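Peer 1: Questions regarding the structure given below will be posed in turn.
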Amino acid sequence: MGSSSRVGDENSLLDLTEKVAVVTGANSGIGLYILFHVARAGAKVYLGARTEAKFNSAITRLKTEGLDTSKVVWLPFDLSDPRKAKESAKWLLERENRLDILINNAAKILGPYAQTSDGLSDSMVINHMSPYLFTKTLLPLLESTARQPGSDVRIVNVSSVAHRWVPNPRYDSLEAFNNNFADTWKPKTNLYGYTKLANVLWTKELQRSFDRANIPILAMTVHPGNVMSEGNVKLFTSLMFGTIINWVFSLFFISPFDGGYTPAFAAASRVIAEDRRKYAGAYIVPFGVIEEASEDARREDLAKDLLATTDAVLKQYDYA
């Protein structure tokens, strides 16, 4: 399917009028179009972006796509420090009495390994620890919404097929979290995949916790597809014969609009509403298909290690 394809019948999503949603990293790329699909269905949507300038730029682009942006609100959002992520969640808690949809989309993609000022892998902070704490802080609001009549609360964590490519993953220590994969063939890809595997493990454990407590919330992970995103365009252009490479990949990659559909499907599809248990903890690929996640992603021991270490690190650095 070429990058010019347009998928996603708006009638395939529930009517989200009177519903409240959050989409992080929604000022560009896939996130912009996740928000487009959800907002088009009628929801009030908080657009997570680091600056108001980025928010305003996104609004301009959404308007050119024909979206009524009157119910799109800026959520000041920065994943570079878990404290900032928690502040964003608390900011939202002060302003809303319900939250129906949370889509954790913001992420660091294939950048070089780096550490935060606290000496932590910035990829793990941005892609896992900050979204984890952001979500944890919002759980009371999500749970109270889920108990209201007629509610259909969903948490969608955007992962990647790269979660399948991690060699011998461990999450049992801070040292494991800080692995730079320098001794592997593709360190950047493996580092990214390591964080995306964490997304799947966390989501499945989150669903198990909801099920144990009989809380009617769905948690799902999504691979949005191989998307001709702005980041990929820049990456391909930077290579030798970049123009040709961009053209070739555009024949096989999908557009950001199409890439935004599968996360929106997970967040608001009528199909899921009709068979919620089928999708509980599911890993979903384009365009709304359940696929079995990797063997490592299904390991409960890895999930328990991940959450134990995450909570310990958040406590150690006084983030929580």
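In case you wondered, yes, glycine gets a Cβ from its N, Cα and C as well.
What Swiss-Prot records for 19-39, 235-255 is transmembrane segment. Taken from Swiss-Prot, the feature NADP(+) binding site covers Ile30, Asp78, Asn105, Lys136, Tyr192, Lys196, Val227, Ser229. Summarising the annotation, Swiss-Prot assigns N-linked glycosylation site to Asn157. What Swiss-Prot lists as active site, proton donor is Ser159, and the listing cites similarity to another entry. Annotated active site, proton acceptor per Swiss-Prot: Tyr192, in sequence order. Annotation source Swiss-Prot lists active site, lowers pKa of active site Tyr at Lys196, citing similarity to another entry.
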Peer 1: At 10 angstroms around each C-beta, which of the recorded positions Asn105, Asn157, Ser159, Val227 has the fewest other C-beta atoms nearby?
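Peer 2: Across Asn105, Asn157, Ser159, Val227, these recorded positions, the one with fewest Cβ atoms within 10 Å is Val227.
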Peer 1: Return the residues near Asp78 (NADP(+) binding site), defined as same-chain residues 6+ apart in sequence whose C-beta is under 8 angstroms from its C-beta, sorted by sequence, else 'none'.
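Peer 2: Asp78 (NADP(+) binding site) has long-range Cβ partners Arg50, Lys84, Ala85, Ser88.
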Peer 1: Would you say which of the binding-site residues Ile30, Lys196 has the most Cβ atoms within 10 Å of its own Cβ?
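Peer 2: The most densely surrounded of these binding-site residues is Ile30.
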Peer 1: For Asn105 (NADP(+) binding site) and Asn157 (N-linked glycosylation site), determine the Cα separation and express it in whole Å.
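Peer 2: Rounded to a whole number, the Cα-Cα distance is 6 Å.
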Peer 1: Does Tyr192 (NADP(+) binding site) have same-chain partners at least 6 apart in sequence with Cβ under 8 Å from its own Cβ, and which are they?
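Peer 2: Residues satisfying the criterion: Lys108, Ile109, Leu110, Ser123, Asn127, Ser160, Ala162.
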Peer 1: Count the Cβ atoms, other than its own, that fall within 10 Å of the Cβ of Lys136 (NADP(+) binding site), considering every protein chain shown.
Peer 2: 17
Peer 1: Sort the binding-site residues Ile30, Lys136, Lys196, Val227 by C-alpha distance from the residue listed as 'active site, proton donor' and give me just the closest.
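Peer 2: Answer for the nearest of the binding-site residues: Lys196.
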Peer 1: For Lys136 (NADP(+) binding site) and Asn157 (N-linked glycosylation site), what Cα-Cα distance in Å is obtained after rounding to a whole number?
Peer 2: 13
Peer 1: Fill in the CA-CA distance, Ile30 (NADP(+) binding site) to the residue listed as 'N-linked glycosylation site', as an integer in Å.
Peer 2: 13
Peer 1: Can you tell me how far the Cα of the residue listed as 'N-linked glycosylation site' sits from the Cα of Val227 (NADP(+) binding site), in Å?
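Peer 2: If we compare the Cα positions of the residue listed as 'N-linked glycosylation site' and Val227 (NADP(+) binding site), the gap is 17 Å.
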